[in-house]
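Per TrEMBL, the features are:
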- 64-493: domain 'Major facilitator superfamily (MFS) profile' (DOMAIN)
- 17-45: region 'Disordered' (REGION)
- 62-84: transmembrane segment (TRANSMEM)
- 104-125: transmembrane segment (TRANSMEM)
- 134-152: transmembrane segment (TRANSMEM)
- 158-180: transmembrane segment (TRANSMEM)
- 192-210: transmembrane segment (TRANSMEM)
- 216-237: transmembrane segment (TRANSMEM)
- 301-327: transmembrane segment (TRANSMEM)
- 333-355: transmembrane segment (TRANSMEM)
- 367-389: transmembrane segment (TRANSMEM)
- 401-425: transmembrane segment (TRANSMEM)
- 437-459: transmembrane segment (TRANSMEM)
- 465-489: transmembrane segment (TRANSMEM)
Amino acid sequence: MRNSDNERTPLIAVIPATAPSVSSGSRPYGAASHPDPDSRGTTSDFVVNHLSGESGRKLPQYIAGLAVSAGALATGTFLGWTSQVEIPLVQNKEYGFPISDEEFSWIGSMANLGAALMCLLIGVLMKMIGRKRAILAMALPLLLGWSLIIFAKNVAMLMVGRFFVGIGSGAFCIAAPTYTAEIAQPLIRGSLGTLYQLLVTIGILFVYGIGDAVNVQMLSIICGAVVPLVFVFICFMPESPQYFIEQNRDYDASRSLMWLRGRRYDEWAEISELRAEEANIREKIKTFFQAFKQRATMRTLIISLGLMFFQQLSGINTVIFYTTYIFNDTNSGVLVATPVTTVIVGAIQVVVMLLTISIVDKVGRRILLMISAIFMAVSTILLAVYFQLQEDDSTQVKNLGWLPVLAVCLFIAMFSIGYGPIPWLMVGELCASNVKAYVSPLAGAFNWLLASLVTKFFIDVLDDLGIAGVFWLFSGLSLLGTVFVFFMVPETKGITLVEIQQILSGGRMRRPSDQSNSTIEDND
């Protein structure tokens, strides 16, 4: 900012030498004051953060983001569990009671339905009791669900158990990205946001790794034991400062930001901007219907639903389903046991997710999404051509056994670098505070319902189109997803959540060059 004399003006007023004492943990809206400067050092110690976030400590933010995203391990274990227990439960009757193929499909689907239901509720819960407490509350359905699975005496107990595990796990796809988006400074928000998907893939890989070595009950006990181990770390993390702003508790927001940014960070400049944006949103949006009359809300909803649509219809579930067949195809020259195949798939996802975390804040969201979609389309085209040639004349692919293996590995890697983690990250970034309770749950529920429908009706589509036709369909959808990202998805790399709302509303965004990184001068 510059005044009429073209002199630089500070973002906030210089902190006075003394401040009113604080007698309680929170203050009324607008009544908060700066903490006692004697406990924070002199005024000249403060670093003026321009709100794009160069100043402030980053390590506490990584710790908080990792702790909350660790709950995604529970999501990963519940996703990986199904593929590891189908043969023991259905064919070997390991639990002592018969389970048909149709019943097992419902056991898998119940988890998706539970996740979809919780996605519709978690936004309201986060707004009522806070992001942290809402996340901690998910330990109850997770523990209940795994207990029912461990001690199941019939199919009904397995279905109900999976439903509750889905409830607890599904909440994290909304809660974790929302929390990390709100606590992180712009320069690291992308890497923190992708921690959720990384922990999901680690959870899946963990189950793949031990699934063949233990029976179903022991596998379920191990998965259930993960819950208290990861949730204990969340207890020590601060609440999101955005939640305190929504509750008019500026002093608590200050304490949260001091934990996240360090004591030398001038958190009141950030609070001032968050408070101004919150007041602006409250003035415009008071009801559900008013929320969806806003241009920013509608753009957020369209982008969020679009990203979820192209994520689930990219073909990821089909590619993973056919991975074992492709690796064990006699023409491929790659003969490995099924457990090893699943571990290879899980390992590729984890390694590429680590790469994504390191580059997402440097390369940007849009470019990674487009690269992901283009190369997923290339992969599925290669698979479609291979299977089409195989159907016409298997001798044509006698020397092309390496092609589907390469295509599968490329597809999984490209999914993990873009369309796997970034849709969830962007939902957390795009939603304004007062519409998170509406848009984020709709996007999450849409994703889980699509996953359930794709799983349930995949065989029917396969019968109609054939395996080559299915992969041609997925390649077309991936190319369409590239077009969608190019025209509809804004770049959110390195800008604040407030500036993202300005972009979505069609307003002019304040550029980083207009902001100050300097240190506040000690006027004394």
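Positions of Cβ are set from backbone N, Cα and C atoms, glycine also.
Since we're looking at a predicted model, the values are computed, not measured.
For the transmembrane segment (192-210), the list of distant contacts is 61-62, 65-66, 69-77, 79-81, 83-84, 172-173, 176-177, 180-181, 183-184, 219, 222-223, 226, 339, 342-343, 345-347, 349-350, 353-354, 356-357, 360, 416, 420-422, 424-425, 428-429: same-chain residues at least six beyond its ends, Cβ to Cβ under 8 Å. Residues 299, 302-303, 306-307, 310, 313-315, 318, 322, 365-366, 369-370, 373-374, 376-378, 380-381, 383-385, 387-388, 391, 419, 426 of the same chain lie 6+ residues outside the transmembrane segment (465-489) yet bring a C-beta within less than 8 angstroms of a C-beta in it. Sequence-distant neighbours of the transmembrane segment (104-125) (same chain, 6+ residues past either end, Cβ-Cβ under 8 Å): 78, 82, 86, 89-90, 134, 137-138, 141, 155, 158-160, 162-171, 173-175, 436-438, 440-445, 447-449, 451-452, 455-456. Within its own chain, the transmembrane segment (62-84) has Cβ neighbours under 8 Å at 107-108, 111, 132, 135, 138, 142, 162, 165-166, 168-170, 172-173, 175-176, 179-180, 183-184, 188, 192-193, 195-208, 211-212, 219-220, 223, 226-227, 230-231, 233-234, 236-238, 260, 342, 346, counting only residues six or more beyond its boundaries.
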